[in-house]
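All remarks here apply to the structure that follows.
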Amino acid sequence: MHRLLTGIRPYLALLLLCLGLYVPGQSAVPPLDRDESRYMQASKQMLESGDFVAIRFQDTPRNKKPVGIYWAQAAAVAALSDPASPSPWPYRLPSWLGATAAVLMTFGFGKHLFGRGVAFAGAGLLAASLILVAEAHQAKTDAALLACVVAAMGVFGRLYLQARKGPAVPAWQIAAMWLALGAGMLIKGPVPVMVMGLAALALVAADRRWRWLGTARPVTGLTLALAVVAPWMLALAASPQADFVSAAVKEDLIPKLLGGQEAHGGFPGLYLALALATLWPGSLFLIPAAVRSWRMRGEPAVRFCLAWIVPSWLVFELVPTKLPHYPLPLYPAVCLLIAAALFAVREPAYALLSKGWQKAVGGIWALVGVVLAAAALALPVLYGEGFAWISVPTAACAALAAALPLRKSWSGLHLPAAALAVLLAVPTYAGVFQGVMPHLDRLWIAPRLADAVRAVAPADAPVVLSGYSEPSAVFLIGTGTRLVSAEAVADALAADPGAVGVVDARDLPAFRARAEALGLPPLAPRTEVRGFNYSKGRELDLQVFRRDGPVP
């Protein structure tokens with residue numbers, strides 16, 4: 001074990017772990033609705049239009065998040081693929097690279113706070129956490145944001161230790177901290193500033209010392225951070241989307257603060273309840289680690305991690321809009337505190353890991369693995385073409401990932417239990433993303449619909465959709481795809497015999513009535529696509545129509 005922690009070996013081991021966790025499924029899982037496909041489509045449109053300033057989904061300004069993640073995705077596609085390609089993996093590349101960077105940097109700064117052993121274990125627990133694995137497989141902001149937050153907070157933590165006679169922090173790392181903060185702002189606006197700012201306030205309040213903050217060189221640093229954001233803001237001010245900031249505040253930020261946006265509401269404390277799943281498998285030791293950390297809050301490293309976690313976690317709990325990934329920027333500190341508890345074998349608090357109530361918590365924790373195993377077996381039957389053999393090893397790995405670590409922990413072997421849980425998470429997640437999810441054909445309506453459209457018309461034929469307006473359909477069929485009513489589909493077919501019209505079966509009466517009123521001959525569908533729209537929770541039967549061309 002000691003040799004594994006020396007030199008670059010821990011970085012290589014963590015890199016291999018991340019590759020095993022994040023790469024499977026990158027190209028096998030189709031674009032997900034709705035957020036991922038919106039990001040992908042907006043990035044695709046940047047490449048198609050050559051406009052890298054304004055963010056749009058088709059003709060609608062996307063006043064949600066800043067431009068950073070769109071630039072990263074567009075750069076990946078330009079370097080490795082083509083905007084015309086339907087493959088999602090280049091758009092997801094910034095996410096899994098961001099997740100990997102966050103894991104490596106958690107070890108990199110964690111070793112200065114707690115030592116190499118704790119840092120390695122904490123980074124491994126972060127890498128395998130269910131929420132980070134999920135975000136690493138989606139072309140969204142959160143994994144890339146995590147990398148920026150870890151880079152900034154890691155240096156900030158070293159500055160805090162430096163004020164307590166710790167090793168000096170090089171000037172280049174301080175500059176990197178502020179640049180990372182600026183990059184985080186370019187990805188998700190005020191979130192990284194909130195995390196660092198609240199941590200600083202918490203440390204000042206707890207220690208009643210503030211002069212050490214001057215070692216962060218805030219004037220120079222803020223200038224660097226703003227220099228990252230300013231070029232886009234200046235270009236935006238001269239573009240038709242000059243009202244981006246005010247629109248983002250009105251349309252995105254304020255609704256999240258005042259109420260559960262887009263039906264994503266929740267009660268205060270929900271994130272704490274969800275942590276057993278989102279932080280799985282490391283969540284097995286979450287409660288003893290929390291108790292131990294509070295008892296040891298006088299230690300500088302523990303205090304810094306608590307300052308990183310507690311204030312921002314309270315903000316997330318109080319904001320009405322709740323999404324499982326919101327607390328992700330706090331998870332590196334959580335995982336380090338869990339790892340520190342696992343290594344504290346000579347402390348009285350170590351006995352908490354073997355208490356009877358902790359064993360009961362472990363039984364609840366194991367349900368996450370049981371649910372994963374059951375889902376691996378059941379979902380292909382419910383939403384695929386029937387039983388899939390890949391489900392068997394996937395379910396077995398999920399069950400073992402729940403049972404074996406729990407058994408070791410109940411035997412008092414807590415650190416080996418954590419290591420075993422992380423290792424078993426690799427084949428479990430690989431089976432889910434590479435094996436099980438691609439078999440859920442009934443959920444993947446957009447790829448099958450895109451194939452059906454291409455089968456009945458040339459690639460440049462106009463396409464109008466009714467009854468299925470998910471962003472994945474726009475991404476896979478084409479930016480020019482129009483999302484309209486059933487009557488408007490009939491109008492489009494009347495105006496252009498070469499157009500392709502798609503109508504949900506429940507809207508066929510309105511479509512046929514309009515077509516008859518326009519004098520169109522009775523139209524039979526060329527093909528149909530059936531499936532389950534998981535975004536709306538209902539069955540679909542999409543009928544594909546075209547007036548011209550041979551009937552396949």
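Indices start at 1 and increase along the chain as displayed.
Backbone N, Cα and C define each Cβ position, glycine as well.
Quick caveat, the model's predicted, so the values are computed rather than measured.
What TrEMBL says about this one:
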{"type": "DOMAIN", "residues": "65-233", "note": "domain 'Glycosyltransferase RgtA/B/C/D-like'"}
{"type": "TRANSMEM", "residues": "117-137", "note": "transmembrane segment"}
{"type": "TRANSMEM", "residues": "143-161", "note": "transmembrane segment"}
{"type": "TRANSMEM", "residues": "168-187", "note": "transmembrane segment"}
{"type": "TRANSMEM", "residues": "222-249", "note": "transmembrane segment"}
{"type": "TRANSMEM", "residues": "269-289", "note": "transmembrane segment"}
{"type": "TRANSMEM", "residues": "301-319", "note": "transmembrane segment"}
{"type": "TRANSMEM", "residues": "331-353", "note": "transmembrane segment"}
{"type": "TRANSMEM", "residues": "360-381", "note": "transmembrane segment"}
{"type": "TRANSMEM", "residues": "387-406", "note": "transmembrane segment"}
{"type": "TRANSMEM", "residues": "413-432", "note": "transmembrane segment"}
Region pair the transmembrane segment (301-319) / the transmembrane segment (143-161), three or more CB pairs under 8 Å: yes
Contact set, same chain, for the transmembrane segment (168-187): CB under 8 Å, 6 or more residues outside the stretch: 65-69, 141, 144-145, 148-149, 151-152, 154-156, 158-159, 162, 193, 196, 215-217, 220-222, 224-229, 232
Remote residues contacting the transmembrane segment (117-137) - C-beta distance under 8 A, at least 6 residues beyond either end: 1, 4-5, 10, 13-14, 17-18, 21-22, 25-26, 29, 92, 95-96, 98-100, 102-104, 106-111, 143, 146, 277-282, 324-325, 328, 331-332, 335-340, 342-343, 368, 415, 418-419, 421-422, 425-426, 429, 433
Interface-richest range of 331-353, 360-381, 413-432 toward the transmembrane segment (143-161), CB pairs under 8 Å: 331-353
Leading stretch by Cβ pairs under 8 Å, where the reference is the transmembrane segment (360-381) and the options are 222-249, 331-353, 387-406: 387-406
Most Cβ pairs under 8 Å with the transmembrane segment (387-406), selected from 222-249, 269-289, 331-353: 269-289
Contacting positions for the transmembrane segment (222-249) when only residues 6+ beyond its ends and CB under 8 Å are counted: 51, 53-56, 61, 63-67, 175, 178-179, 181-183, 185-186, 189
Surrounding residues of the transmembrane segment (413-432) on its own chain - C-beta under 8 Å, 6+ positions past either end: 17, 20-21, 24-25, 121, 124-125, 127-128, 133, 281-282, 284-285, 338-339, 342-343, 353-354, 369, 372, 376, 390-391, 393-394, 397-398, 400-401, 404-407
